[in-house]
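Each remark here refers to the structure printed beneath this line.
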Amino acid sequence: RLTPWPPVNGFTNTNTLVKNGERYNANCDKGFLFANKLTDAFLDGAVESLQVKNELGKFKLIAYHNIEYTTLECRDARLNPWAPANGFTSHDALVKNGESYSLRCNKGFVLYDVSRPDILVKSVFDVEVKNILGHLVYNNTDPVKNLKCEYDGPSFSVELVDGNNKHSGRVELIIGNLRGTVCDNEWDDNDAAVICRMLGYGGGKALIEAYFGQGSSSILLDDVQCDGKETSFMSCRHSGVGVHNCTHNEDAGVICSPICGMRPGFHEQISTTTLSYIDLKIVEGQPQSKGQYPWQVYVETQVGNKKWRCGGTIIDQRWILSAAHCFNNHL
């Protein structure tokens, strides 16, 4: 005889010893499903209950003969409803296995699947999301985490105003025929990075409290929260166009880093060759901001009328790393 064995996060329908040949039911708690610890996956069919049999002092599963009963556990298959930035859902309860909910984009945004080159639902801003065995999907198979709400509203551009140079200033947005500033609530360097990237610069530093003076137009955005990787500032999470609780003494500003050179990635191989009296350019590589190293360069040496060039790398403000033979017996 065997003592009935309840799975983790589960229970049995008996507390008495199970005789040889007898069966009992093993059940998962509400919202939980059986999963195989060895494969780290739920059993096919969304199994909540299993019949177990005592065969000569060993538990055997009736429906899954090739699986050891004690390798199973009950896992929570419920999931929190998920929505991308600038999207929402009215569903606020845990989503059980097999349940669906509607995911929507804010006004002016459309759903976009980052794994595809096209807009997912043009001019339609919602989609049905379903929990299938602990995974949120749409179209029954596509991961919902690939979805983004992309801006599809009026024309949009950014300007920096009243700064010390063209790459710094108060952030002013032009959305359709509206012009206005951004409130500095939640304003940080991730937000500045997106603004600077849109203007063709490198990274950015966020400034608050009307550092570049107060604007005189409307305040268009508040509570902006970018992750720093967005291609458009309007794709960042925010309170909505024209929705704010600010005054112009909270206008946001940025200082962008000009891109002033190229450097190769560390994984790239740089080919070398003997060059004579040829103007060189640095090609490909990664855009770098002021003060970032290394940069690839060439070093030109001249003794009398003889000149030669060797490859080099600027490694800080005062040092260039180059090949020793470039100077050997010449200087």
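Just so you know, glycine gets a Cβ as well, placed from its N, Cα and C.
Automated prediction, rather than curation, is the source of TrEMBL annotations.
Checking the candidates C226, C246 against TrEMBL, the cysteine paired with C236 through a disulfide bond is C226. Sequence-distant contacts of C236 (disulfide bond), defined by Cβ-Cβ distance under 8 angstroms and a gap of at least six in the same chain, are A85, N86, D191, V194, V224, Q225, C226, D227, E230. In terms of DSSP secondary structure, the domain 'SRCR' (158-257) contains 16 helix, 33 strand, 51 coil.
Within 10 Å of the C-beta of C226 (disulfide bond) we count 23 further C-beta atoms, all protein chains included.
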